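For HIS377, HIS381, HIS404, the entry in Swiss-Prot reads Zn(2+) B binding site. Taken from Swiss-Prot, the feature disulfide bond applies to CYS29-CYS40, CYS41-CYS65, CYS56-CYS99, CYS101-CYS110, CYS113-CYS122, CYS258-CYS261, CYS290-CYS303. Annotated N-linked glycosylation site per Swiss-Prot: ASN96, ASN104, ASN175, ASN181, ASN304, ASN350, ASN385, in sequence order, evidence recorded as sequence analysis. Taken from Swiss-Prot, the feature signal peptide covers 1-23. The topological domain 'Lumenal, melanosome' feature in Swiss-Prot is assigned to 24-477; the stated evidence is sequence analysis. The topological domain 'Cytoplasmic' annotation in Swiss-Prot covers 502-534. Per Swiss-Prot, transmembrane segment is recorded for 478-501, and the stated evidence type is sequence analysis.
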Amino acid sequence: MLGPATFLPLTAALLLLIPGGRAQFPRQCVTPEALRSGQCCPGLFPALTPDPADRCGASVGRGRCAPLQVDARPHGPQYPHDGVDDREQWPTRFFNNSCLCAENFSGYDCGSCKPGWVGVNCNQRVLAVRRNILDLTAQERRRFIAALDLAKRTTHPHYVIASRRYAEIMGPDGNSTQFENVSIYNFFVWTHYYSIGKTFLGAGRESFGGIDFSHEGPAFVTWHRYHLLQLERDMQEMLQDPTFALPYWNFAIGGNECDICTDDFMGARSNFDSILLSSNSVFSQWRVLCESLEGYDTLGTICNSTEGGPIRRNPGGNVARPMVQRLPEPQDVALCLEVGLFDTPPFYSNSSESFRNTVEGYSEPSGKYDPSVRSLHNLAHLFLNGTGGQTHVSPNDPIFVLLHTFTDAVFDEWLRRHNADISLYPLENAPIGHNRQYNMVPFWPPVSNNEMFVTAPESLGYSYEVQWPSRALNFTEIITIAVVAALVLVAVIFAAASCAVHRSRKDDVHQPLLGEQYPRYSEEYERDASQSAV
């Protein structure tokens, strides 16, 4: 989380935290010359090298310009239009060379450090700790909300977004590239939108919607993990605080109340319109990016930096779907964590006994696929019933950040509990974009799914503080325990009865041979102690 108020100013060395990968592209790479060359290998002159011809920090041993590696293995049958979409074999439609960084160096120009490392030589460890937003102090909470709002209003210092497909990227005159500035938070929104958009098949043809590079497949957890890491690192740089961490919302609390939908947290309901946010929350002033999905799909345009209407939210208010009027239960998380397989064929939203499909929310918490079920991540989104419940615009509601941070915490805990290794992730035949070695769309420089299939504290520079629920007993287990308890009780009663019978028999054996009317030896001795005891 944000460091305490007494946090010392960072040295210039610690400020080398330029994020390691982003989308769309760095400003240096969107000139007509760079796009025509297919190379995006900016240099570090004059910041870190005196060589004006430097590329990727090669002159100081930080990296080199190298051909891109892309996944060419077969994808699943869900997408039949190979060769049409700009996002296929990402990012080769735009570039075929990028910076390949050495050791702990990272970034589009190798000028920054890998997650978890800081310093001029990227040799100092740092760990950001993600905590429950309800556990933050009032000061920490206010600083986090203020930081989000600042990110919404601050132009991204490094990256720009495309406003046209590749076929139109050079502009009407063939020499005016179609990219726009965007704020840090809206950049986060735009990358999510770009990953889920339909495939444009041409004017007058219906766009193809059976494609999603960040949902309904194995990459759901890896893509969103990097998506969050991107925002966190952007905000660390903005705040000049390498310990800044995104908090999480534990949405698995059951019931029909949103415990963070208050003005102290993420915004209460407006007193004047129940689907808008209270004017006492800064988030009521936020405007939504990428709303006009229909226009994008039919005209082949791409969402640009233009904002639209306000955030809408009506938690638990979808009366037409009672099943999404309640949040997931704590036991849903416990059950999900016990699902042993990461993913199962067809590696899609109808996979059964798949941890990924379970945490995404297309299966029952136990892992069994049921087309009528929406659970965990999906249920939390649908419960919000507004901007946060619509996939293409959901990141506009800042609750998205907290919801997905908790989802990532579940993923990280599953990796730890199951000692998961990359062999569990499908190498091929997953939906397009979801194979193990596919470069996640639209991050730059390229980041593959397998790079995010690791435990976070050891590899990604952050950890979680979470108390995980224990799993409740199911009906069969309760019956089994009851039967065993009954058998134990019967055994105890039988043992007690046996002991009583045994004691009774033992007492019979030791009954005196003489009755009470006969004097005992001791009595005779006591009456005449002078007589012989023989």
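Keep in mind that glycine also has a Cβ here, set from the backbone N, Cα and C atoms.
Quick caveat, the model's predicted, so the values are computed rather than measured.
On the structure: features taken from Swiss-Prot.
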residue : record                      : Cβ contacts under 8 Å, 6 or more apart
CYS40   : disulfide bond              : PHE25, PRO26, GLN28, CYS29, ALA34, PHE94, PHE95, ASN97, SER98, CYS99, TYR108, TRP444, PRO445
CYS101  : disulfide bond              : CYS56, GLY57, ARG62, GLY63, GLY107, CYS110
ASN104  : N-linked glycosylation site : CYS113, LYS114, TRP117, ASN121, CYS122, ASN123
CYS290  : disulfide bond              : VAL189, TRP190, TYR193, TYR296, CYS303, HIS392, VAL393, ASN396
ASN304  : N-linked glycosylation site : ILE161, SER163, GLU180
HIS381  : Zn(2+) B binding site       : GLY361, GLY388, GLY389, THR391, SER394, LEU403
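Cα distances from CYS261 (disulfide bond) to the recorded positions CYS65, ASN175, HIS377 are smallest for HIS377. Across the topological domain 'Cytoplasmic' (502-534), mean pLDDT in this model comes to 40. Closest by Cα distance to ASN175 (N-linked glycosylation site), from the recorded positions ASN96, ASN350, HIS377, HIS404, is ASN96. Taking the Cα of ASN350 (N-linked glycosylation site) as the reference point, the closest of the recorded positions CYS65, ASN181, ASN385, HIS404 is HIS404. In this structure the alpha carbons, written CA, of ASN385 (N-linked glycosylation site) and CYS258 (disulfide bond) are 11 Å apart.
Note on CYS122 (disulfide bond): other Cβ atoms within 10 Å of its Cβ, all shown chains, come to 22. Cβ neighbours of ASN181 (N-linked glycosylation site) (same chain, under 8 Å, six or more residues apart in sequence): THR155, HIS156, VAL160, SER305. Calculated from their C-alpha atoms, the gap between HIS404 (Zn(2+) B binding site) and CYS258 (disulfide bond) amounts to 16 Å. Its Cβ placed at the centre, CYS99 (disulfide bond) has 28 other Cβ atoms within 10 Å.
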